[in-house]
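Peer 1: Dumping the structure here so I can ask a few things about it.
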């Protein structure tokens, strides 16, 4: 009975008894409940069919017990990974796969999708082992997917007696907090009573992290065998993790065409937008900043209106690029493949949470264009598998040798692969007898990762726009080939003058922040595109001044090669100087015979530097090259603090560390 009909009956029969009224109320409530229940039943299929099972490595909340999975499948090895770019996840997969050789059936697990308190139950599984492959990210932080685990292990006081573990860290020595996360987790697990089975391994991405991992791994397994009393090991057998399923009859609307997780997410956009659900932002400006010199630097403006994404000056924007179509076609021809074949790669381990290496079903063309790093330098395990597809024994031995841990093999890999910047396409072009099936290539190559850029605008001025400042990466290799940066080449082609163009993006929050009090003075060091976040800072300080706020000194040290060629945003910066918002210090390294860099200017301005960071307790920022510039600037600061602040070197170093803890010293650097 409808609510409208109930109202009619009541008006016509005003003398109903109490019982009649009570019955009517019951009927009304019942009808409402039935109506709402029916609607929920009708809506349920819409939700379940429009949101596809995620195809990245995740476990649903009802399947987050890794202990149950280990016990149910007779496994004793679990390898957790904390990964931002995919390398730690790749290493974890390789360790779990190799466990079979040593009679340890393993599984890979994402700590973000697991109940990590179950580590306490590992002791209930005989001869069990937990391995942690953990990257350090940003300013000594855990990766996004390891954050909760890191906080839990830091703040918790659990008893992990009976847990056997090992840790391998991924870091970069050019950064101050080298492998901080892995070092801490290794130490903390021992403090909580766990047993270290093998020594901490540390990989350096600035050198050869692949070599570091292999060297550690090849000593790790013998120690594991000794610890658990495992005698001997099986032969090394190359096994496929995924099986091929060609699907010519799949309906076109069920095929992934570049979506990160949810099918049709690019056509049917809905917030919140993040790494698994990027927003398609329109490119509204794409202009050249360099006025000469042969290099290219782009100023790009993206429209994020309607996305509900918010950003602050200093945040990063991540962009999902696509691979060069020419390279994709080349790879298809080298593998003698029909790139438009629809297929799925299905994990042979039915208990794994990672059902596919990337969204499936899809086509080879889409996989190679949107999902796989075809321009990356292949790691040694890929060469080992490629060797099996060589018809020429010399080629097979050559690849196997480069994949080995012998000094000769390592040297060949360094020279022929790394120093020559050979990617998978180049390898197959140069080794004519190597013709692997395209599906195995898709299994071996790592996932194409988003590229991160410092946002070069302030949301105070541009709440619905995000600005990017990026140099086009392009260089000639020793083999005579021209390698191009995946993301910057992709952006270079996005010209809004030829029609609407969009790119998939999301915002990543940062700790790189202006002082909360505008009157605090700041010093910024940003040569080249290191200027990017400071452009946003300066815009914001100007905005505050225009609004009547008191704003402290805003000092920028900027450097480039030549004033008339690559002095980016020159007119803007000079305008800020004219109106009193900015003090600008410039170094043009090639405009005179003797090169001048920003580090020279900072040394010359020792009194000013000390006044701002020592006497006025101002903030100091660095953005740019981590390997040389950032290290040099930090060393100069130590000297300035020693001489002007009357400190010894140790005290000066501690002063900078104190500034870091107070968020007065911040670095946004890359190598």
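Including glycine, each Cβ sits where the backbone N, Cα and C put it.
What you are looking at is a predicted structure, and each value in this text was computed from that prediction instead of being measured.
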Peer 1: Can you tell which of 216, 221, 670 Swiss-Prot lists as binding FAD with 451, 452, 453, 454, 469, 470, 471, 475, 485, 486, 487, 488?
Peer 2: 670
Peer 1: Of the residue ranges 15-35, 36-56, which one carries the transmembrane segment annotation in Swiss-Prot?
Peer 2: 15-35
Peer 1: Provide the three-state secondary structure of residue 178 (FMN binding site) computed with DSSP.
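Peer 2: DSSP assigns residue 178 (FMN binding site) to coil.
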Peer 1: Would you mind giving the whole-number mean pLDDT across the topological domain 'Lumenal' (1-14)?
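Peer 2: Computed over the topological domain 'Lumenal' (1-14), the mean pLDDT is 33 on the 0 to 100 scale.
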Peer 1: Given a separation of at least six residues and a C-beta threshold under 8 Å, show me what packs close to residue 83 (FMN binding site) in the same chain.
Peer 2: 89, 92, 133, 135, 143, 145
Peer 1: Using Cβ atoms only, which residues of the same chain lie under 8 Å from residue 138 (FMN binding site) while being at least 6 residues apart in sequence?
Peer 2: 510, 511
